[in-house]
């Protein structure tokens with residue numbers, strides 16, 4: 001489900017590059033492939049209790065599709081995609097689409113607007129407190145022996161006699177759903193169906209992402 005009642009697009013992170021402005025400034029951008037977003041189901045208040053558009057992206061082999069999902073997609077006349085996601089939308093927006101229809105980039109986004117990008121962050125495996133929580137190392141010398149990159153004390157003694165829940169400690173880092181908000185959409189390549197978004201987005205190359213209009217766009221610095 002989307003974070004807001006607005007339609008977005010599913011895509012794949014291609015990688016990063018840079019563009020140059022007319023003044024010669026380099027702008028780092030992430031390229032996102034949002035080609036062939038298609039509607040698999042239109043959910044209505046009368047039939048489903050809420051209004052939403054179910055969208056799929058990519059292509060998947062028929063042998064990799066479960067029978068219930070295959071029947072659902074066959075009813076809509078849509079090829080099986082790699083991911084399926086719902087977007088809560090208004091009734092007016094839902095009325096513009098029907099199952100099997102493609103979602104055009106320009107019908108959702110325009111150059112210069114703010115967008116939110118959601119993806120799965122790169123997995124780092126088991127990490128220590130310094131890398132995982134950005135803690136500071138202990139002293140390199142002056143009496144410190146073999147305790148340079150350890151977290152130190154994690155609690156007290158007999159009272160309370162336990163480690164409080166939520167204590168920041170070592171553990172698995174990354175491979176989690178993360179959202180980067182208020183990124184500038186620098187350019188739209190309609191021919192190749194690409195979005196060029198300023199800055200970095202979660203995930204590795206080839207990872208799936210969701211791009212939607214910004215939920216809470218910030219005003220420019222210095223604006224009254």
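In case you wondered, yes, glycine gets a Cβ from its N, Cα and C as well.
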I'm validating the feature mapping. Which of 134-159, 160-185, 186-211 is tagged region 'Disordered' in Swiss-Prot?
134-159
What counts of helix, strand and coil residues does DSSP assign across the region 'Disordered' (134-159)?
0 helix, 0 strand, 26 coil
Below 8 Å Cβ to Cβ and six or more residues apart, same chain only. Which residues does that give for residue 158 (N5-methylglutamine)?
none
